[in-house]
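Trainee: Mind having a look at this structure? Questions to follow.
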Amino acid sequence: MRGVGFLENTGDSPSLDRDPRIASMSVSQIILQTTRDIFQNSRFLQAADAPERACRRAFTAVFSVAALWFVLHPYHGVVHDGRLYALQALNALQADQFASDLYFRYGSQDSFTVFSSLYRPLVAAFGVSSAHYITTLAGEAAFVFGLAFFVRTLLPDRREALFAFVGAIAEQSSYGSSGIFHYDEIFATPRPFAEALVLAAFGVAFTGKPVLGWLALAAAAALHPLMALTGIASLGLLAAQKDRRLLMLGAATAALGVLLGASSVQPFARLFETFDPEWFDIVRRRCGFGFLTRWTIDDFLTVAAALGPAVICLRWRDRALRSLALVFSVVSLCGMALTFISGDVGRDVLVVNIQPWRALWLSRLLGNIIVVVIVLRAPPDSLYRWPLLVAAILSAFARLGFFMPALADFLLIVALAFCFFESRSAKPVTASIRKAVLALSGVAAVSPVLFGWILSIKPGFSTDCALVLVGAVSCGLLIALDRGRVFVPGASVAATLALAAALLLNDRRTEWRRFIEAPGAADDLRGFVGDSANLYWDDSPEIMWFKLGRPSYYSCLQGTGVMFYRGTAIDYARRGSALAKLDAPNYHHAPDHACYHQPEQPTDGPLSLDDLRRVCRALPDLDGIVLGVALPDASPRIWNSPAPRYYVGYDKIETVTTFYKYMCRDLRSFSFRLERAEP
């Protein structure tokens, strides 16, 4: 079998398999050629251009795209799941120093990836903060090259490839529920590396090298099995259209998995396990993103925005893009169906663990690419290109926090529907409809100004505005080059300044985050914490992990393992329900939020010593509680932080610089008068 040879462009674009310039190259040569080609647009580099002028145009294009990348990918430090992977590395380096932490106590996800083995040496050599930053940059670089390789082999037209690349990095990258997961994430996890390998696998498959493609997918599976499964299923379906024997191979592989499960080999044995009612209730509340019955209308708008562009291109002559869109959509829909049938209804442990709905990540990425291609291929007199272009721009604003993600997805769906009907209608659009569409597009285009005003209370808002300005300059330079305008002297200087500004503004860590990541802890902080073995520091497990090198008693983040281990789920619920009485920042959530816990004894009014006493009595293993609140009639230890801690609410920002430690042994040993009747 030569490869996925049916992936040929039978329309205006030349077949990739028949292009001797690509088909005859090695993978390394293809990567080098891709790096040159993706910026060497025929409009950017005219044949009559002098070499120096051509070089300056390419220089401007490269620096403009790089500036746009850093604008749209600000660095927020060790955040999100990056905290867990850093903690796993520390635990391995320090001989299970964090073994009593809730995240490790009953098992962790470290056994499912080789990433920690590669990450640990960096943490040992450079520390958590520097190792995280280096790994984040490496993941971003890998994703950039994987994406560039993918779009260049998918889209032979250089202009389309360049702007498809820009669209993929600029438009919203979230998929699934609650905006939790994104492709091209900006923190150190194995996901960006696995995504890069999956994209590279399709790239080499397009050039007739399927063995290298499957090797890339195997490497991706070793790093992050969940991200790789989508690529394996999609590439398998593509290849099976040419060689039906691969369907039998896929069936045999599935049968082998069932056999391993029947033989109690982990994790395949989970296929024959179901959640008991208590465990399932905890998992469904904490990990609602994994159950379609917990998704909201906003989540399904995200799905529609990811799959909608594929509908538009199903009748294109570009067979490669059409086939890829169809297969990605089928795999995504099958993943969602499997999630609902075996997860929501069947309560199967393995299916919930592998989260088949996450196949949506490839559909989301390809959908962003297709939107750009639709705009570029639209006839000059078409009307749908304008609402589509505005929807894509608003998607980029949503990524920067200047627009509502769900509303951006909704507008994209409306624009795609308009595109679908206009492109298939034999009647021309009337003048009144044309004016209405253009007017609405204009109003939508300026709406981020209103959202920016609403968000002006947010810390770092001025920096966000500066980033938007730098991004606008970068896009303006790319558009000017694409239009074939006379090269403006100083454009290369402008691109250089834009990149410098983007790099300067890229570090968006708060003062608190910088303090946490700085090595070492001052004596006053260590004295404040003392020898408490089980200490709950509200809404900040990182200060326990990375600043003090100690386990954390509880946080919402530590509940990520509830779907994998029953012990974690039961203990997480026990601790969370008791601590919910504090009404602390960890619990400022709506009842449908993942971190919400129903207090065992709901109370009204401000927090009191009686509330702390109830918590300590409900949790006999808890030694102390650290809050940013001073309670009357108490004598806590006090620590003044050198950096402010911000708690951002819907309508206000709370700044905390003083923390108070309340010891449970003192609270348990004294009797406090109840100020209100017990419910």
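A Cβ is built for glycine as well, from the same backbone N, Cα and C atoms used for every other residue.
Pulled these from TrEMBL:
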| type | residues | note |
| --- | --- | --- |
| TRANSMEM | 58-75 | transmembrane segment |
| TRANSMEM | 131-151 | transmembrane segment |
| TRANSMEM | 192-208 | transmembrane segment |
| TRANSMEM | 214-239 | transmembrane segment |
| TRANSMEM | 246-269 | transmembrane segment |
| TRANSMEM | 300-317 | transmembrane segment |
| TRANSMEM | 324-343 | transmembrane segment |
| TRANSMEM | 355-376 | transmembrane segment |
| TRANSMEM | 388-416 | transmembrane segment |
| TRANSMEM | 436-454 | transmembrane segment |
| TRANSMEM | 461-480 | transmembrane segment |
| TRANSMEM | 486-505 | transmembrane segment |
Trainee: Which range wins on Cβ pairs under 8 Å with the transmembrane segment (461-480): 58-75, 131-151, 192-208, 300-317?
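Mentor: Highest pair count goes to 58-75.
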Trainee: Where else in the chain does the transmembrane segment (355-376) make close Cβ contacts, counting only residues six or more beyond its ends and a cut-off under 8 Å?
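Mentor: Result: 147, 151, 154-155, 159-160, 163-164, 166-168, 171-176, 181, 183, 195, 198, 226-227, 229-231, 233-234, 290, 292, 302-303, 305-310, 312-313, 321, 324-325, 328-329, 331-332, 334-336, 338-339, 343, 385, 388-389, 391-392, 395, 412, 416, 419.
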Trainee: Is the count of Cβ pairs under 8 Å between the transmembrane segment (324-343) and the transmembrane segment (214-239), pairs 6 or more apart in sequence, 3 or more?
Mentor: yes
Trainee: Give me the stretch from 58-75, 131-151, 192-208, 214-239, 246-269 with the greatest number of Cβ pairs under 8 Å to the transmembrane segment (388-416).
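Mentor: Going through each listed stretch, the top one turns out to be 58-75.
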Trainee: Apart from its near flanks, which chain residues at least 6 from the ends of the transmembrane segment (214-239) lie with a Cβ under 8 angstroms of it?
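Mentor: Same-chain contacts beyond the ends: 1, 3-4, 6-7, 112-115, 189-191, 193-195, 197-198, 200-202, 204-205, 246, 250, 323-324, 327-328, 330-331, 334-335, 354-356, 358-359, 361-362.
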